[in-house]
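Participant: This is the structure I want to talk about, given as structure tokens.
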Amino acid sequence: MAMRFELRFGLAAVIATLHDILITLGFLAVFRVEIALPTVAAILTILGYSLNDTIVVFDRIRENLHKKGARKRDQIELVNESINETLPRTVLTSGTTLAVLLALYVLGGAVIRDFTVVLILGVMIGTYSSIFVAAPALIEIQNKWGLGKSADQKKRPQPATV
């Protein structure tokens, strides 16, 4: 991820993915779901699904950053615009995935039920995190460490405060 984008995007994606896995494992612990091979497969599927969704949002942010005059815009405004542009795609993708998983839960047997429950939970958490965790993490990384700033922005003197 950091190779295709920048380091700040990679760090934010790792934070969002860790969020998804930890929340999912927390739910599994609270509801005492047995961690069997299908559960591990579901957790790995959640990891891939969440990372893919985060990459879609980050790709739109990157595209908007490279538009003419985008570097002068407020970063929070640019990230919000990018999220609003990808939100319909994210909701539709998650909605169709959840519809299939609900059908699998209802029509599938008892063997696949735990797998399906974990995936339903993970898709909801992954959708949430790609919008509400990954993008704010990206902005926080940018503000805290200055990753992704151009040389002009780093050298620009700050106004004096009294």
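Every residue gets a Cβ built from N, Cα and C, even glycine.
Unlike curated entries, TrEMBL annotations are predicted automatically.
For reference, TrEMBL lists these features for the protein:
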DOMAIN    2-143  domain 'Protein export membrane protein SecD/SecF C-terminal'
TRANSMEM  7-29  transmembrane segment
TRANSMEM  35-58  transmembrane segment
TRANSMEM  91-112  transmembrane segment
TRANSMEM  118-139  transmembrane segment
Participant: Tally of helix, strand and coil residues over the domain 'Protein export membrane protein SecD/SecF C-terminal' (2-143) according to DSSP?
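Facilitator: Split by secondary structure, the domain 'Protein export membrane protein SecD/SecF C-terminal' (2-143) comes out as 122 helix, 0 strand, 20 coil.
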Participant: Would you kindly check 7-29, 35-58, 91-112 and say which stretch has the most C-beta pairs under 8 angstroms to the transmembrane segment (118-139)?
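Facilitator: Counting Cβ pairs under 8 Å, the winner is 35-58.
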Participant: Take the transmembrane segment (91-112) and find every residue of the same chain, 6 or more past its ends, with a Cβ under 8 Å from one of its Cβ atoms.
Facilitator: 38, 49, 53, 119-120, 123-124, 126-127
Participant: Short question: which residues 6 or more past the ends of the transmembrane segment (7-29) have a Cβ under 8 Å from it?
Facilitator: 1, 35, 39, 43, 46-47, 50-51, 54-55, 58, 61-62, 118, 121-122, 125-126, 129-130, 133-135, 137-138, 141-142, 145, 147-148
